[in-house]
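Visitor: Pasting in a structure now, in structure tokens, and then I'll have a few things to ask.
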Amino acid sequence: MTRQQIDDIETETAFSLSLQAEDEKWMQIALKSAKAASDLGEVPVGAVLVKDGNLIAAAGNQPILLHDPTAHAEIRVLRTAAQQLHNYRLPGSTLYVTLEPCLMCIGAIIHARVERLVYGATDPKTGAVCSLYPIGSDRRLNHPLIITSGILEAECSDLLRTFFQEKRAARKQQP
Ligand SMILES: [Zn+2]
């Protein structure tokens with residue numbers, strides 16, 4: 001291996017390490033929104049939208065309190081971000097979400113022309129990116145979405161697991 005090749009590999013490794021650190025930083029903020037949702041009794045899912053290294057919007061899942069079946073964390077950040085940027089499309093943006101998006105949300109993410117989707121935990125029951133429906137790899141769609149999964153996966157799924165465990169325990173205690 002030449003010196004140049006070694007240098008190239010080192011540069012690439014440093015880049016992917018710094019990208020991962022960046023992804024983890026934003027996912028921590030998405031996790032905070034997820035925790036806030038759980039404090040309100042909502043299923044703990046949180047999302048943030050980032051563009052050019054800036055946080056544009058952050059939101060938690062809130063369909064119950066808002067009486068709105070579409071008020072998933074992803075839809076809420078897309079709505080806020082589009083208002084902030086005065087644009088119904090969000091090219092060059094990255095959406096971070098703690099859980100693999102559902103069918104509705106992946107549709108909205110594609111409509112919004114989000115450039116990159118980063119999620120934490122996979123959702124075998126309703127995930128529509130790679131689990132239940134592999135929409136993320138469907139090449140028939142004209143918008144290529146860059147996808148990274150598994151960022152802070154343990155924290156993201158622990159939050160959901162604890163939430164449902166506590167719900168079940170509370171239900172058992174009821175007479
Ligand atoms: Zn959704």
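Even glycines carry a Cβ here, placed using N, Cα and C.
Caution: TrEMBL annotation is automatic and unverified by curators.
Note that this is a predicted model, so its numbers are computed, not measured.
From TrEMBL, here are the annotated features:
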ACT_SITE  E74  active site, proton donor
BINDING   H72, C102, C105  Zn(2+) binding site
DOMAIN    21-140  domain 'CMP/dCMP-type deaminase'
Visitor: If you count Cβ atoms within 10 Å of the Cβ of E74 (active site, proton donor), leaving out that atom itself, what do you get?
Guide: 29
Visitor: Rounded to a whole angstrom, what is the C-alpha distance between E74 (active site, proton donor) and C102 (Zn(2+) binding site)?
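Guide: Cα to Cα, E74 (active site, proton donor) and C102 (Zn(2+) binding site) are separated by 10 Å.
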Visitor: Around the Zn(2+) site formed by H72, C102, C105, which additional residues qualify by having Cβ within 8 Å of the site's Cβ center?
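Guide: Going along the sequence, the neighbours come out as A73, E74, I75, P101, L103, M104, I106, A108, A128.
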Visitor: Do you know which of the binding-site residues C102, C105 has the most other C-beta atoms within 10 angstroms of its C-beta?
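Guide: Sorting the candidates by Cβ neighbours within 10 Å, the top entry is C105.
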Visitor: Where DSSP helix means H, G or I and strand means E or B, what are the helix, strand and coil counts for the domain 'CMP/dCMP-type deaminase' (21-140)?
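Guide: Per DSSP, the residues of the domain 'CMP/dCMP-type deaminase' (21-140) fall into 48 helix, 26 strand, 46 coil.
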